[in-house]
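Participant: Marked as transmembrane segment by Swiss-Prot: 31-51, 362-382, 399-419, 477-497, 501-521. What Swiss-Prot lists as active site is Asp130, Asp283, and the listing cites sequence analysis. Taken from Swiss-Prot, the feature substrate binding site applies to Asp189, Asp191.
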Amino acid sequence: MRNLIFEEPEGIPGNSSSSLRYAWQSIRAPVIIPLLKLAVIVCSVMSIMLFVERVAMAAVILIVKVLRKKRYTKYNLEAMKQKLERSKKYPMVLIQIPMYNEKEVYKLSIGAVCGLSWPADRFIVQVLDDSTNPVLRELVEMECQKWIQKGVNVKYENRRNRNGYKAGALKEGLEKQYVEDCEFVAIFDADFQPDADFLWNTIPYLLENPKLGLVQARWKFVNSEECMMTRLQEMSLDYHFSVEQEVGSSTYSFFGFNGTAGVWRIQAIKDAGGWKDRTTVEDMDLAVRASLHGWEFVFVGDVKVKNELPSTFKAYRFQQHRWSCGPANLFKKMTKEIICCKRVPLLKRLHLIYAFFFVRKIVAHWVTFFFYCIVIPACVIVPEVNLKKQIAIYIPATITILNAVSTPRSMHLLVLWILFENVMSLHRTKAAIIGLLEANRVNEWVVTEKLGNAMKQRNNARPSRASRFRIIERIHPLEIIVGMYMLHCATYDLLFGHDHFFVYLLLQAGAFFTMGFGLVGTIVPT
């Protein structure tokens, strides 16, 4: 056998393209093909794991719909309300609004919360303002004073530091002396606007069942029509609430706190050890620990709280990094604690580790990116690797349909949603790896930018000559590189292939280029 390392084989052309071709051929059989076959096997296993999980959740939802019995419907809400009104024993409720430089939306949440129809002497509004802008801090405090003059018990709290970020603010808020008499705490992010009857539709569950530690409401998106990116986000989040959260609640297994639009029993927070800032998903961290202490949760899908989706691609990327990195990091930190916990049944612990964390927070991201964006395109240019259509086409198609049925009004956007989610899987995969390895960006906390009415005001105003779009800030090299790779594979399949994968590859390459050049979402002039 010719020594490819120390001897120069005869007949090797001298130009660079021929050298690259020779190098490719020399490693193709001994290295590329075995590695690609292994990757296909691993990705196929992950696809089947995700498929089984999605089908199982779909079966639960089907049973729930057929029987018309969701977890919260076993309670008679109207009867519980009447019982509370007759007794006049209204519990003291703390309402926390954490915010950080939320100049576009701070009035929305403060105004909505102060307008809640609960006895005025039985709730405290706590505005936790970590803003670093002194002018904005003054504006927020003035807004609080306005509602104080109207008779609402509002407490404005501003820290000199941002230790612990949101978790730190919530923790310090609960330590205030005036909170000692509060039994429950409702939490709303700065862009959330609860309806006036929110407390009437959530607190009775906690009063009726002393084992309940959390009542989680659903999100309702006020700006889903703003651009195509917000419509596609709506599809993903609708699946999360209508399927993942509902299944966790209906099966008494586990579902995570969404960080906002929920009401906690303060004793449950104390039993769990309080808020911790060890990850960027302090809400999920608290929910897992409370669940391990035996507290139950209920998801009330009929209660919807208006809020805003991130409409700029930059803001959405930062949000998805936090939402993907944090769970992976928490999974690493809590696996041993979950396994060793004897207070909850073994089946619930297995569900928490395998289904909730491993499949939904790790496998779902990895299989989407590695299989659909790396391995399948590679199989096109290495036809020696057998890729079964059941794995490459039928299983992904079934998973996609199960995801999309939760938002029927957007079914016509299904293809765009697939392409969009595949591109975002690049960032989610990278973030999950960072979380597992605890790399340098593992605790990166960037508040998701919300535009509120800002874009309406900008659209109505005459654009300034000084306003410019910074092209360089809109270019994302990783997306462009993956797009070029998929375009190369698509071209090869178009010229030499026979499986017609080039149709998918061209569309997906176009999606990577579109997002790589920042041509998605709302573009805000600088």
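Backbone N, Cα and C define each Cβ position, glycine as well.
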Participant: For the C-alpha pair, I'd like the distance in angstrom between Asp283 (active site) and Asp189 (substrate binding site), rounded off.
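Facilitator: So the alpha carbons of Asp283 (active site) and Asp189 (substrate binding site) sit roughly 12 Å from each other.
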Participant: Against which stretches of its own chain does the transmembrane segment (477-497) lie, if we need a Cβ under 8 Å and a gap of at least six residues from its ends?
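Facilitator: Result: 373, 377-378, 380-381, 383, 423, 426, 505-506, 508-513, 515-517.
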Participant: Enter the number of other CB atoms within 10 angstroms of the CB of Asp189 (substrate binding site).
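Facilitator: Cβ-Cβ neighbours of Asp189 (substrate binding site) within 10 Å number 23.
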Participant: For a quick check of packing: other C-beta atoms within 10 Å of the C-beta of Asp130 (active site), how many?
Facilitator: 23
Participant: For Asp130 (active site) and Asp189 (substrate binding site), what Cα-Cα distance in Å is obtained after rounding to a whole number?
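Facilitator: Distance between the two Cα atoms comes out at 13 Å.
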Participant: According to DSSP, which kind of secondary structure is Asp283 (active site) found in, if we only use helix, strand and coil?
Facilitator: helix
Participant: When DSSP is mapped onto helix/strand/coil, what comes out for Asp191 (substrate binding site)?
Facilitator: coil
Participant: Check Asp130 (active site) against DSSP and tell me helix, strand or coil, would you?
Facilitator: coil
Participant: How many neighbouring Cβ atoms, not counting its own, are there within 10 Å of the Cβ of Asp283 (active site)?
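Facilitator: Looking across every protein chain shown, the total is 22.
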